[in-house]
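Notes follow once the structure below has been shown.
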Protein chains: 2
Amino acid sequence: MLIAESKSMLFEAPLPLQSGASIHGYSLSYETYGTLNADKSNAVLICHALNASHHVAGVYADQPHNTGWWDNMIGPGKSLDTDQFFVIGVNNLGSCFGSTGPHANPDTGRVYGADFPVVTVEDWVNAQARLLDALGIEQLAAVMGGSLGGMQALSWTLQYPERVKHAVVVASAPNLNAENIAFNEVARRAIVTDPDFHDGHFYEHGVVPKRGLRIARMIGHITYLSDDVMNEKFGRELREAVTHNATGYKYSTQEVEFQIESYLRYQGDKFSEYFDANTYLLITRALDYFDPARAFGGDLSKALARATCKFLLVSFSTDWRFSPARSREMVKALLDNRRDVSYAEIDAPHGHDAFLLDDARYLNVVRSYFDNMAHALNEGGAA
Amino acid sequence: MLIAESKSMLFEAPLPLQSGASIHGYSLSYETYGTLNADKSNAVLICHALNASHHVAGVYADQPHNTGWWDNMIGPGKSLDTDQFFVIGVNNLGSCFGSTGPHANPDTGRVYGADFPVVTVEDWVNAQARLLDALGIEQLAAVMGGSLGGMQALSWTLQYPERVKHAVVVASAPNLNAENIAFNEVARRAIVTDPDFHDGHFYEHGVVPKRGLRIARMIGHITYLSDDVMNEKFGRELREAVTHNATGYKYSTQEVEFQIESYLRYQGDKFSEYFDANTYLLITRALDYFDPARAFGGDLSKALARATCKFLLVSFSTDWRFSPARSREMVKALLDNRRDVSYAEIDAPHGHDAFLLDDARYLNVVRSYFDNMAHALNEGGAA
């Protein structure tokens, strides 16, 4: 098993943010796997989604069960082979897994709460670029991410076209649609209207808006799963059938009755124990705001004209959060610009979550793509 | 305009409920439109969904803007023509629009709160049957409902097959699937975990769990609308574009930014002003529990064998709450039993909400069905 080590890098210079604000003296947590080659041409940056971190692959020496969130994809001999590539995981600014965020600045101890500035996908990419500068990496062999991570990968190709040779954009979208924003908004309202939220300064009150976080996570989970997989996994199964009445129902409005309820409550409870409420607001807002076509009157083809790298896009048939149609919009816009695009639409039952799961076709598509890159790298050719 | 009059009927005898409990001394609010014919063969019962009442059509004399919720469907010369049919609207037991419910027993003043018994679709149908008894109606020309109302219409054909000649089941399903239950559960958790809920006895505390009701309604609204109609109505439009920055964004995690957010907040606020939180729990549980196939090992065809009436089923192409596939399950089960079934799948963009909206094809399908019935009634033949 790959042994991971969490590192941290402090950035003293102010980072100008899209909102007009700026942040300075922040640190980013990151991990690296594999070895950077002599000409520094084999680096792959992994961008994370809402509930993930820089701990992408492997386990920590002292935490043998704390496995990276994309460990099934990344590691020695895996689809993204760390024997071939130097892989970098980074925790985004504003997150709650080590980097500076609303909960704390690990270097100054400052607790921002609601005063943490709004950060965007573009801001994250700028922060990631500074990390690469510090690591001495001029150009990425590839940038890769799923969901919100895919948005960052796409944004890399627009903000730093010369620094990216390949982008792997999985289960993503060129922006949120109204329904996506709507779900985010309900989750945010649940958090913000929780009396324990205290306008984002709950840390000072020694409380956590757990009620709101639970509701937010339950909503999220519904949108991550497909209807099909929910029916298959849970259906209308009761948690505990009462056998002394004909229907098996308890007839209660509050007790857990169906398995799906039990599952959602568990997911909500678990999440509320570790996730930061302000981070939830920030990250969902970053999702809402991402819209590279906005500055081009909604014309995605024009927006993506800046991208010059090669692309692999992957979508999943039952993903209703970021449906295949959204990936096809990106594919079309790239093809309009005569870009080199590979696209795989994977027939998978698991909905949006599929991008994190073991699906042989999916993992093989990514493997082939990186194998070709590795081959070209080893040959010294242009991948 | 049809003038409606809200009436109330008191039932002294205990009504045994599916849970094993019973309720007595309750009253039901109802309205009637049109004239019952001499042989009492032209009565049509309308069953309501979550947020509706016995006020189905017309306006009240003293409230000329308070229009019935299905007034576009029901009235003189409309699809369900009150010049031909005697139409009955009834508010269900446990609702908050006049009939006895958790908020109050209008006859005794008793406030039940969380002590109100759990009621099911089957219980509602039994209560409706008693109302018909009191009105002297032995057999319905038709029972009709949309969504949860459609479940009641279906249940009528199973509980009282000899009392129904036709059932019109619109935008409904033979049970909730896991995703439907999941959305209900999140809404319930939002209400129950609101500190103002007080275990359902919030009336005594002089408060209303408005935060929870708002979240519940916002979630509901998302599931009532189609993705398409949300994108068309709201898309990524900003509520108020700030013109002094390049993106037009305010960069705020809490302020309303997008139109869809403004719409959802408004819907949530409005709902929380008038809807009863305990009723919300009860009605969503009634939805969860409804499952006529359950007693037949999940075999819907066996379950529907009891139904002997004729059926019209209608579904809407973009309804993802109760998709056309769910209506087709019922059609198939009825055809397996060689029942007389008409089925219309209406290509409409509005999602689940379509059943309440003006769609010419939809309204014409229902009109034709009832016209045929009226013709048969007037001829004295068997419709």
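Keep in mind that glycine also has a Cβ here, set from the backbone N, Cα and C atoms.
The model shown is predicted, which means the values in this text are computed figures rather than measured ones.
Some features that TrEMBL has for this protein:
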ACT_SITE  A:SER147  active site, nucleophile
ACT_SITE  A:ASP319  active site
ACT_SITE  A:HIS352  active site
BINDING   A:ARG217, A:ASP353  substrate binding site
DOMAIN    A:42-357  domain 'AB hydrolase-1'
SITE      A:ARG321  site 'Important for acyl-CoA specificity'
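Features per TrEMBL, on structure.
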residue  : record                   : contacts (Cβ under 8 Å, 6+ apart)
A:SER147 : active site, nucleophile : A:ALA49, A:LEU50, A:VAL170, A:ALA171, A:SER172, A:ARG321, A:PHE322, A:HIS352, A:PHE355
A:ARG217 : substrate binding site   : A:GLN267, A:GLY268, A:PHE271, A:SER272, A:PHE275
A:ASP319 : active site              : A:ALA171, A:SER226, A:GLY351, A:HIS352, A:ALA354, A:PHE355
A:ASP353 : substrate binding site   : A:TYR224, A:LEU225, A:VAL229
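In the shown protein chains, 23 other C-beta atoms lie within 10 A of the C-beta of A:ARG321 (site 'Important for acyl-CoA specificity'). Counting every protein chain shown, the Cβ of A:HIS352 (active site) has 23 other Cβ atoms within 10 Å.
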